[in-house]
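Going by TrEMBL, these are the annotated features:
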| type | residues | note |
| --- | --- | --- |
| TRANSMEM | 30-54 | transmembrane segment |
| DOMAIN | 41-302 | domain 'G-protein coupled receptors family 1 profile' |
| TRANSMEM | 66-85 | transmembrane segment |
| TRANSMEM | 105-129 | transmembrane segment |
| TRANSMEM | 150-169 | transmembrane segment |
| TRANSMEM | 204-225 | transmembrane segment |
| TRANSMEM | 246-266 | transmembrane segment |
| TRANSMEM | 286-305 | transmembrane segment |
Amino acid sequence: MLIGGRGYHVILTSNGLEKIESYSIVKGTIYLLITTIGVVGNTVILLSFALIWLRERRLAKPETVLSHLAAANLIVFLTRMLPAVLYDYGWRNFFGDASCKAVCYIFRVFRGMAIGLTCLLSCFQCGVLSETRASTTEKDKIQRSVKPMICVLYLANMAVNADVAIMATNPFNASTFKFVFNPGFCLVIYPEKISFEATGYVDFAFDLIFVIPMALASGRILLILHKHKKKMDAVRILDQGSSAEIKATKTVIVLVSFYVSFYGIDNTIWLYQTVVNEINVVVSDVRVFFTMCYGAVFPFILTSFNKKINVLYKNYCTANCEVRM
């Protein structure tokens, strides 16, 4: 994979900004739209869980995972998409080397956290449904494993993405390069082709470690629900659509379906890029767009299926209506 720049020229002006092509403006506008949706949506979800915690003094284990997932999505938008928007609108060279290392590293860690947390949520819900008739002790073990697993995910992603913190640099400080991950506002430069491609395949394999279990767990959930539907004791489970368990299960199924779809598009494009000698800028930007779609739709999915958040919104709307009247 040989990449050399963004594929268009820029002209410096006296105030530090640059004239940019119409493509950059269109792309920046699309990125700005999805960034606004993602930042606002995930911030609202985080505030909702904060209010739930203040009211109940606790969060259920799925809510703990979802709150971390919302935070991960928010940080991904702030560290990947917001700088890209500023760059496409002509604001360049706003990161130094240290800032580039920090921003790129944080983005990679929390992108990985979004994958890992979705997998954890799927496996947790599968375990809860599978252990419906299990002893209280077995259920408690599943519940207690959530927080340690979140810690393990943070540590694993920090370790796997350590190379980014070393190789990221300000693009204006780089002289010559061939093998580079290039979001525009920063560069992650690799010394030779083998390290560049190896890093890509390691990231791909690391993602698969989470995508395969989450897909299998979701399939298992669907099988469990299908079997329960045929039993008389499933009337209680499937007819109470408002129950927290079924709501959580629906949330997991929809989240995993969206993630696997976007992941498939993202990595299909990536695999295509590994076999071509020159990377098309538009193809790379389309890949970035689909990569970020999961974080943008996440708040809407959660709002649709989470009863507690729905109650919060209804109470807020009711209170506002009463004040205005």
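Every residue, even glycine, has its Cβ placed from backbone N, Cα and C.
Those TrEMBL annotations? Automatic predictions, nothing curated.
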Interface-richest range of 105-129, 150-169, 204-225, 246-266, 286-305 toward the transmembrane segment (30-54), CB pairs under 8 Å:
286-305
In terms of Cβ proximity under 8 Å, which residues at least six beyond the ends of the transmembrane segment (150-169) contact it?
64-65, 68, 97, 100-105, 108-110, 112-113, 116-117, 120, 186-190, 199, 202-203, 206
For the transmembrane segment (286-305), give me same-chain residues lying six or more residues beyond its boundaries with a C-beta closer than 8 angstroms to one of its C-beta atoms, as numbers and ranges.
30-31, 34-35, 37-38, 41-42, 44-45, 66, 69-70, 73-74, 76-77, 80-81, 84, 111, 114, 183, 247-248, 250-251, 254-255, 258-259, 262, 265-266, 269-270, 273, 313
